[in-house]
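A.B. asks: Below are the features listed in Swiss-Prot for this protein:
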type	residues	note
BINDING	48, 54	NADP(+) binding site
BINDING	125, 126, 127, 238, 239, 278, 293, 294, 295, 296, 297, 319	FMN binding site
């Protein structure tokens, strides 16, 4: 398995399995001299960890992070930063009934056909449990971006199943388990999830992420365009089946006179491009949306096959999120931050001294 590393200058390599002794990552390329403690990382991990409400998996993992290297006396040294998170609440017996069968919608079948072996316990390497070290690495990236450039990366749930969640205020996001920016919708979301859980079914979600304060110039055309790398990173998150940047698929119905964001001395008029033009950041907010599919592990009986190709019926009884999107907001934020820090360092390496006579305009003219 060779696809375990994200990034070019700021790289993150994850390791571990869902029911192994531990999971973690190695961060390479982090600039030296930044203050960093385990508490800086833990605050982000606590936003993602399981067992925080009745609407998510009841697997009780503290997700306590250990910094093993790369930090001396509370400051990054520029050497690889190793983060370790120990698994403490594995319950592998829940997966005994899928040793010889494949769960529909999961990576069981594809991992088996590709590698000829698979860790059936909680999905092994394909489990969303492996997003915890991504959030840990994202905490490091967020801190550097915020301190060096004033960049803020924030996200929220904008849709759960058939329920739209209109944005009201960022302050609402941290006050409920759904990361909803609209407190008035939370009771409806709770009732929806309670009914779904009783049915033994699952549902998808939409998550929106915004990076503000990103300067103009980040991105490496043509094959490492900023939006291309963002899309790749987001699609690397478990269960993500779609990515939009800016107006996204709504661009199809927009005319050029509407979609093209005009430039004025006072700033841009509109942001249909989502903060990226030609693969390079414009200085506007970078806006990203992801579509997350329904959880594949459900109690509803589903048709499948055994390893020998015979018909089988699969019911999954483990502790699973009825909607993985509920805990996806900090994961999506982290992925965006990891792409941004990598491109910030790449831009500094080649074009850090470039100056033009044209003034940098504001992200919004209003």
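Placed from the backbone N, Cα and C atoms, the Cβ positions cover glycine too.
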A.B. asks: Which residue, out of the binding-site residues 239, 295, 297, shows the minimum number of other Cβ atoms inside 10 Å of its Cβ in this structure?
C.D. replies: 239
A.B. asks: At the Cα level, what's the spacing in Å between residue 125 (FMN binding site) and residue 48 (NADP(+) binding site), rounded?
C.D. replies: 18
A.B. asks: Using DSSP and collapsing to three states, where does residue 295 (FMN binding site) fall: helix, strand or coil?
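C.D. replies: Once the DSSP labels are grouped into three classes, residue 295 (FMN binding site) ends up as coil.
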A.B. asks: Using the structure shown, find which entry in 48, 125, 293 (the binding-site residues) has the sparsest Cβ neighbourhood within 10 Å.
C.D. replies: 293
A.B. asks: Can you tell me whether DSSP puts residue 48 (NADP(+) binding site) in helix, strand or coil?
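C.D. replies: Assignment for residue 48 (NADP(+) binding site) reads helix.
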A.B. asks: At a 10 Å cut-off from the C-beta of residue 127 (FMN binding site), count the other C-beta atoms across all protein chains.
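C.D. replies: So the number of other Cβ atoms within 10 Å of residue 127 (FMN binding site) is 19.
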